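Below: the structure, in structure tokens.
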Amino acid sequence: MATLALSWCLPLLILLLPLATSSASAAVNGTSRFTCFYNSRANISCVWSQDGALQDTSCQVHAWPDRRRWNQTCELLPVSQASWACNLILGTPDSQKLTAVDIVTLRVMCREGVRWRMMAIQDFKPFENLRLMAPISLQVVHVETHRCNISWKISQASHYFERHLEFEARTLSPGHTWEEAPLMTLKQKQEWICLETLTPDTQYEFQVRVKPLQGEFTTWSPWSQPLAFRTKPAALGKDTIPWLGHLLVGLSGAFGFIILVYLLINCRNTGPWLKKVLKCHTPDPSKFFSQLTSEHGGDVQKWLSSPFPSSSFSPGGLAPEISPLEVLERDKVTQLLLQQDKVPEPSSLSSNRSLTSCFTNQGYFFFHLPDALEIEACQVYFTYDPCAEEEPDEGGADAPTGSSPQPLRPLSAEDDAYCTFPSGDDLLLFSPSLLGGPSPPSTAPGGSGAGEERLPPSLQERVPRDWDPQPLGPPTPGVPDLVDFQPRPELVLREAGEQVPDPGPREPFSFPWARPPGQGEVRALNARLPLNTDAYLSLQELQDQDPTHLV
């Protein structure tokens, strides 16, 4: 019977053995949690928790860095019924063993009989999982009845983030627990704190912790050891709550200011009353400025205004005449001059006054003209008055009817430098000598060397072939020279008061304009003058040419 019983139980035991083995394995490989932190120097602290209890089993944590040649192992020690912890010591406390580029492989190995079984594994990044050591050296710096200054130090913190830290502190008052204590946060590296609103002669406890701002999984350090301190007792006769007195004074001042503003706004007689209250010595200006009161009745605006009417500031005389300056094309000059010549001239005045003017401003027209030099243009304005030359009347039997004016005196060499007349075919607004060079000086009147000027065909048709200009007579004493000059690109002939006899039959006529005989007056051209080659004629040069007539 016993043999039959054993044979029957043996298959049953074989069937139950795998179930028992699987249940034991599940206890060992139950749900676990493996967490490690780096203190930024030479310590890695790990905590491993297992749901199923392990009996008589030793476990270790092994560390293998990927960039280092060392490896470390620590023994897991039980801290509770289902959790174990250990510290991997990598070197001296203040040595920097790991950096941000290091990765450490951490494994939890548990012993099963004669062999080791891996329970957990993790690729650990030190500077992503930071937890510093708790602050140390807490001490009371200064204590009063309502406040207390406390300082501390941090230990084993890496220089990589020593300036990027934050702190949390809490104070335990009597009758409360640490969990009920309010937290005070310091968002900068500040290794001290001033506790206020404390109760006099009361016992307190203080704790602080630190956390770096770097790292994704960084957490707070453990709380420091509590620091116990006691505030000073309050002196007799003094207010135990000083801030209450300051609050009352501030509120009283605010309400008083509001009431004062309200009264000043709503009171009708505020002006005189305020002047009496805020009366200050203001000097009377009438004592120093008698005219202010006597003439202007105290009106400062009239006193400061000008004593002359505004109309006195406007110019009383007529505005000076501004000579117009025109720029004409080359082919239009001859037509305009011919049209001007066709206009009938007024009869000669009985006073025998002749008006002459001569202007040149060749350089002003050098801007964008055909065949002209390119220089910078400028605006030039001159005022001038016509030159009046009064000539004495000549009576007698030899004087012809009509009282012809006296002949003009020839211009000097200095006058020739600024009063020029171009050739008939080249009636430009400036001297043609600028392009071709100066012409040779003219010889004596009537000589064979005198240059002859050809008229345009339109002018030659109007001039008789048997007319010839008479040479200019000697200068008449007492005849004034030109008074005012204005640079103007026109060619103006001087009117000469000289009776002209009948010209010779074969001598060519050299005047561009001529008046037929019988009218009693002939427009004569000045002698051939040297051409001006200067771009501008300054005012000083004009005065130098005739010092007796200043412009």
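Please read every residue number as a count from 1 along the shown chain.
Note: Cβ is positioned from N, Cα and C throughout, glycine not excepted.
Note that the coordinates shown come from a computational prediction; the quantities given were computed from them, not determined experimentally.
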Quick test of reading the record: Swiss-Prot lists a disulfide for Cys86. Which of Cys74, Cys110 is on the other end?
Cys74
Swiss-Prot annotation of motif 'WSXWS motif' - which of the ranges 220-224, 265-269, 270-274, 315-319 it falls on:
220-224
Provide, as an integer number of angstrom, the distance between the C-alpha atoms of Cys86 (disulfide bond) and Cys36 (disulfide bond).
10
Within 10 Å of each Cβ, count the other Cβ atoms, then let me know which of the disulfide-bonded residues Cys36, Cys46, Cys74, Cys86 comes out lowest.
Cys74
Any idea what the Cα distance is from Cys36 (disulfide bond) over to Cys74 (disulfide bond), rounded to a whole Å?
13
Across the domain 'Fibronectin type-III' (134-234), DSSP labelling yields 3 helix, 44 strand, 54 coil
